[in-house]
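Asker: Dumping the structure here so I can ask a few things about it.
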Amino acid sequence: MASRVRFSRTIFSPLPSASALIPSGSLPPASLSLPLSNPKPYRRLRLPFPPSHLPPPRSSPAGSASPVAAMSSSSYDKELAAAKKAASLAARLCQKVQKALLTSDVQSKADKSPVTVADYGSQAIVSLVLRKELPSESFSLVAEEDSADLRKDEAQETLKRITELVNDTISSEYSMSVSDEDVLIAIDSGKSEGGPVGQHWVLDPIDGTKGFLRGDQYAIALALLDEGKVVLGVLGCPNLPHTSIANLDRHSQNKIGCLFYAKTGDGAYMQSLSDPSSNAKIHVTATENPADASFFESYEAAHSLHDLSKAIAEKLGVQAPPVRIDSQAKYGALARGDGAIYLRFPHKGYREKIWDHAAGCIVVAEAGGFATDAAGNALDFSKGRYLDLDTGIIVTNKKLMPSLLNAVQESIKAKNQSASHL
Ligand SMILES: Nc1ncnc2c1ncn2[C@@H]1O[C@H](COP(=O)(O)O)[C@@H](OP(=O)(O)O)[C@H]1O
Ligand SMILES: [Mg+2]
């Protein structure tokens, strides 16, 4: 029996259930919009977004050694500060929407995954805040959403609602206001292809959209690539309890809302989303014995082969049932030692995107863990928007990795053999 980690129904303020959602494509009645705070006398913001192309990324001098390896510990300080601010504000927007989750917030993308006002709003906020905080940098953003659906006539009410939400959220930090067009341009700044040269921000504005709609876990995941390597990452996890989810019953009244962050060579940290002064260094568990380990996997069976994870856990000698939660909150929870292993085996043919793992990977790595594919290769974020992987992703501490890798490879072999006998 899997242990399903579901927090919001008990410790979240009243939330309409996902089953109350009306069919996609419906538009929000204006009267259902979230209430906005009193507008300030805004200065109109003119953003330096080129609508149809991005400035060329900075590249390193030809022949120079890896810029990442050569960085001092103060490198990326201002980028990390900007990323934390961007993810925190985006999390605030998402929290507002999740609390007031309206049927009309659901749209449908061509791939049928639910996309919400919050996905678009979160992406717009991160893009706007990064540009505002790092104005002199060239800007490249690889992000999940684009504005194509929002530009359609039938989406204009939704777009207005997103713009209102964005303005309402950023007004706590900035005296500026953005227009619908600014929002569309900010969203579309995420069309970069990434790659091995220069710096690229990598964003999943709401990772775990299905969890978000269910009222469960989701994350705002933002990372920075420099010359193909992840150099910093931030994970906003608005519904994750401050203390371990391994002891959920004891802590069910606990506060929620965590911001994980890490920068290369500096360790990993967690702070409360609502109290930035509360930060603490985090570490993966030191568990060496699989019998003491527990493992995370996707809540959605469509995202990961639960049968294969079960076989691997049995082979390894893991006793505990799987902990199923949505999003990169799994990486955050593993980085602070709530569990020791994360197993992800998508169905055949699925291509993992870099924004689903970049921030989580550096948070875990800086906390002393390690993410590889099923063949034991480190994940390569330098190949564009996708990760080219062998079979799946496994994450654990360095002591457990060799035996985990062994159990993974034997279990995959056994699965393939039994499939070939059918
Ligand atoms: N068939 C599939 N197999 C594996 N991952 C999938 C998938 N369909 C969607 N996903 C990815 O799984 C992510 C959620 O991960 P998890 O299962 O850990 O919660 C989704 O992120 P989004 O919710 O941002 O679209 C999406 O990128
Ligand atoms: Mg995602």
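Each residue, glycine too, has its Cβ placed from N, Cα and C.
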Asker: Checking feature assignment: region 'Disordered' per TrEMBL, candidates 19-44, 45-70, 149-174. Which range matches?
Answerer: 45-70
Asker: Have a look through Glu144, Glu145, Glu297, Glu300 and flag the one TrEMBL assigns to the Mg(2+) site that Asp204, Ile206, Asp207, Asp356 belong to.
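Answerer: Record check against TrEMBL: Mg(2+) site with Asp204, Ile206, Asp207, Asp356, extra candidate from Glu144, Glu145, Glu297, Glu300 is Glu144.
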Asker: For Asp356 (Mg(2+) binding site), just give me the three-state DSSP call.
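Answerer: In three-state terms, Asp356 (Mg(2+) binding site) counts as helix.
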Asker: Does any of Asp204, Ile206, Asp356 have a Cβ within less than 6 Å of an atom of ligand 2? These are the binding-site residues; tell me which, or none.
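Answerer: With ligand 2 as the reference and 6 Å as the Cβ limit, the list reads Asp204, Asp356.
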Asker: With a radius of 8 angstroms around the mean position of the C-beta atoms of Glu144, Asp204, Ile206, Asp207, Asp356, what other residues of the same chain does the Mg(2+) site pick up?
Answerer: Leu203, Pro205, Gly208, Thr209, Ala219, Ala221, Ser327, Gln328, Lys353, Trp355
Asker: Applying a 10 Å Cβ distance cut-off over all chains shown, what neighbour count does Glu144 (Mg(2+) binding site) have?
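Answerer: The Cβ of Glu144 (Mg(2+) binding site) has 23 Cβ neighbours within 10 Å.
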Asker: State the count of C-beta atoms found within 10 angstroms of the C-beta of Asp356 (Mg(2+) binding site), not counting that atom itself.
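Answerer: Other Cβ atoms within 10 Å of Asp356 (Mg(2+) binding site): 21.
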